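Note sheet for the following structure.
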Amino acid sequence: MKEKFEMAHGTMNMIQSHEPWTNYPSPVVGFQNNPTSNPFPIPKPIENRFVTLERSELSQWVEHITKQLIDDLPEPAAATTTTDTLQTSEDYFVPSSLSTDLISPSKISQRSYGDHDHELQWGNELQLHADNNIRARGMSKLDEHGLSLITLLFECAVAISVDNLPEAHRMLLELSQMASPYGPSCAERVVAYFAKAMTSRVINSWLGICSPLVNYKSIHSAFQVFNTISPFIKFAHFTSNQAILEAFHSRDRVHILDLDIMQGLQWPALFHILATRMEGPPQVRMTGVGTSLENLMETGKQLSNFAKRLGLSFEFHPIVRKIGDIDADASMVQVRRGETLAVHWLQHSLYDATGPDWKTMRLIEELAPRIVTLVEQDMSQSGSFLDRFVGSLHYYSTMFDSLESYLPSDNPSRHNVEHCLFYREINNILAIGGPARSGEDKFRQWRSELGGRNGFMQVGMSANSMAQAQLILNMFPPTHGYSLVQGDGTIRLGWKDTSLYVASAWTCSHASR
């Protein structure tokens, strides 16, 4: 791992190094499960921290045009939902999905495949609103170009949603000539990647379903870069580690099931605090799930070497399958009698890591873990194409904005993350995802599914987990715009007033105590 962590007087500093991650130093952040002995002060509520900052232009444009799309699409007579429902239970975070339930097939069912007149009228109205925006704001040429691109992208999405593929193809050709992923503005870069994904969608509609090959090496490399330049991955790792550490308190035999282990960057920090805990180190077993045996074996070797240096008893068991594909054979996880089991999943859209959601859920229920740690992207990946388009456009516009706030457009690390991670996720959500293509619908929110099942109970993220998240955020100046909210038993990390990642923890009601 490329980061070194040091703890001193209640602060944490990250030091970049060129050493491999297996040379992770012994000092590490972690809290023992004893709030009274916590050397770190609990951070004060910071929900208001960035409320006074202005929203980014791109996020504003997307939200404005989305609302205009909702207003202009035909409204069923029985519909009573309004955009007032956009606010979450938290006072300062807007969900990145922008209540895409409002844009359902019933709202566009009045347009047939060949209803070009209505579609042209809608497009003209939307362009008129964009022109009025430009005049009212006195925008620069660059901003004017960006808003025009976003407007055209929305028109294209509506054409695709009603299967008007020839018109969508025409607009996509226009967008490909107007927008570049190397462009100087966030709007141009976002539109370029969305247009490319929507082009794949149209081609797949004509030629059949196409599943792209997964280059795990490039994904893992970009993932490490993302971990370096933003707080999102560290947030996921350290909040989850703290919840697992608390669940393992006084347990001498523990087992961690990582549903998509990748390079295992998360676990050295937890290993160190387990090896140095006051009640003595436990025996640790880990089951890592992935689709590449080579990657799993390398990860297992690195983790084993690190545990050995700590003097920690450790075993690694790889499973070269998607976890949802082994639901009928839970014995593959090899949970032994007397072990305390933790299940962890950092959700992403880079590839289908788990298989069918309902099968994955059934397996987790059967395993009955003491703790399930879940970090989700705060957007819906299910529903119709238009649902997924609106939700993902707002989400990734905000993600691009967050990097734009402190990295120049020609920064190679930024481009690596945008191209290898963000674009891949956008393409999977729009071109590959959806029940009509995959044959199955994904859960809208995993935490909602867990909360709705009798076999699971939520474990509120502790004050220590919030302290961990605050320490991570303190590495980034307030001017970068990142913010935290704790509520409903979860911790949310967002950019300005948009929630982007949600960490939660759950326990199985019939887990061994």
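Each Cβ is built from the backbone N, Cα and C atoms, and glycine gets one as well.
The region 'VHIID' annotation in TrEMBL covers 223-288.
Under the heading region 'SAW', TrEMBL lists 431-507. Residues belonging to the region 'SAW' (431-507) score a mean pLDDT of 84 in the model.
The motif 'VHIID' feature in TrEMBL is assigned to 254-258. Broken down with DSSP, the motif 'VHIID' (254-258) shows 0 helix, 5 strand, 0 coil.
Residues 244, 248, 264, 266-267, 274, 282-289, 333, 335-336, 339-345, 367, 369 of the same chain lie 6 or more positions beyond the ends of the motif 'VHIID' (254-258) yet place their CB under 8 Å from a CB of it.
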